[in-house]
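Asker: Relevant sequence annotations retrieved from TrEMBL are reproduced here:
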- VAL9, GLY10, ILE11, ALA12, SER39, ARG40, ARG41, TYR93: NADP(+) binding site (BINDING)
- CYS277, CYS288: Zn(2+) binding site (BINDING)
- 3-120: domain 'Gfo/Idh/MocA-like oxidoreductase N-terminal' (DOMAIN)
- 128-240: domain 'Biliverdin reductase catalytic' (DOMAIN)
Amino acid sequence: MFGTVVVGVGIAGLARIRDLMNPMPSSPSEHLKLTGFVSRRSFGNINEAKQISLEDALKNKDIHAAFISTENKSHEETIRMFLEAGKHVLVEYPMALSAKAAHELWEMAEQKGKVLHVEHIELLTEEYKQLKKEVVGKDLVKGTLHFTGSVLDENKSGFPAFSGIARLTWLIDLFGDLTVTSATREKQKDKNYSRMTVHFQTANKKPLTWIEERGPGMRREKKINFCFTSGCLENFPEAPRSSVGLFMQDQNLFAKKLLGQVSKEELAAEKWRILRCLDLAEVIQQYCEEPEKIYS
């Protein structure tokens, strides 16, 4: 059994507590045992999970793994603390708000022989699985992925290329390695509106565009337009509902890693994808901030 602690009890943290207390029967998650949770706010208990201090979580020898569900800006520091304390770590994306920090943390986990698992539930949705089936084996001509959503506090969530890394992960997973050719960002501070537009090239020199747009009252929505030599895909394929929740699927994957049930090849491919996306996010941020440097 692996004793676990959940750090941060927002929407994701509460889902983690729920799933750790109710693991899927006969799944790898049955090897995880919730010892408690850590929060800056005072809760006492949540259901039957008890609140413990961060210091206790780090020192407790019965806690083997931490689930980090804090705001994005504190991921890096929290991962570092738990790795230094000799714990395995599951963290919600993005694992850090700079590529350098991400590479350092991954190296640290490997040196300590600990699992560092980054949640990317966007790859586990039935919608995405069906989309990938549609795309596999087709020759891309050009494509666009356009995301809209409500306003985020960037001081907590980071630059849009990092907070929106789920979209970048889709593109890398669908089309392989990408190169950033340009990136711009429009901000209307008075309207609390932001639009980031990124242009990529695939390894075959085909153009892809990612638009990340946020403003008050904007619906959370993804639109696609992927054109292949065989025709265009403008709507998501019909997808069945999954009987297993996304966080539970992710938790099972983390437990499999702890149990040594994931192949070296799969682990290496996942590491490459996660770090490559964070490298690209940083390049995008640099492109978008260049004009500010020139005129400031």
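Note that Cβ sites are derived from N, Cα and C of the backbone, with glycine treated the same way.
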Asker: Whole-number answer please: how many Å between the C-alpha atoms of CYS288 (Zn(2+) binding site) and VAL9 (NADP(+) binding site)?
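Answerer: With the alpha carbons as reference points, the distance is 33 Å.
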Asker: Among the binding-site residues listed here, ARG40, ARG41, whose Cβ has the fewest other Cβ atoms inside 10 Å?
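Answerer: It is ARG41 that, of the binding-site residues ARG40, ARG41, has the fewest other Cβ atoms within 10 Å.
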Asker: State the count of C-beta atoms found within 10 angstroms of the C-beta of CYS288 (Zn(2+) binding site), not counting that atom itself.
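Answerer: A 10 Å sphere around the Cβ of CYS288 (Zn(2+) binding site) contains 21 other Cβ atoms.
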Asker: Across all chains shown, how many C-beta atoms besides its own are within 10 angstroms of the C-beta of SER39 (NADP(+) binding site)?
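Answerer: Step by step: centre on the Cβ of SER39 (NADP(+) binding site), count other Cβ atoms within 10 Å, giving 18.
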Asker: So if I draw a 10 Å sphere around the Cβ of CYS277 (Zn(2+) binding site), how many other Cβ atoms end up inside it?
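Answerer: Taking all protein chains shown, CYS277 (Zn(2+) binding site) has 28 Cβ neighbours within 10 Å.
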Asker: Pop the Cα-Cα gap between CYS277 (Zn(2+) binding site) and SER39 (NADP(+) binding site) into the table, whole Å please.
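Answerer: About 29 Å separates the two Cα atoms.
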Asker: VAL9, ILE11, ALA12: which of these binding-site residues has the sparsest Cβ neighbourhood within 10 Å?
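Answerer: Ranked by other Cβ atoms within 10 Å, the binding-site residues VAL9, ILE11, ALA12 bottom out at ILE11.
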Asker: Could you give the number of helix, strand and coil residues in the domain 'Biliverdin reductase catalytic' (128-240) as assigned by DSSP?
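Answerer: Residue counts in helix, strand and coil order: 30 helix, 50 strand, 33 coil.
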Asker: Please report how many Å separate the Cα atom of ARG41 (NADP(+) binding site) from that of CYS277 (Zn(2+) binding site), as a whole number.
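Answerer: With distance taken Cα to Cα, CYS277 (Zn(2+) binding site) is 33 Å from ARG41 (NADP(+) binding site).
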Asker: Around GLY10 (NADP(+) binding site), how many other CB atoms lie within 10 A of its CB?
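Answerer: Summing over all protein chains shown, GLY10 (NADP(+) binding site) has 12 other Cβ atoms within 10 Å.
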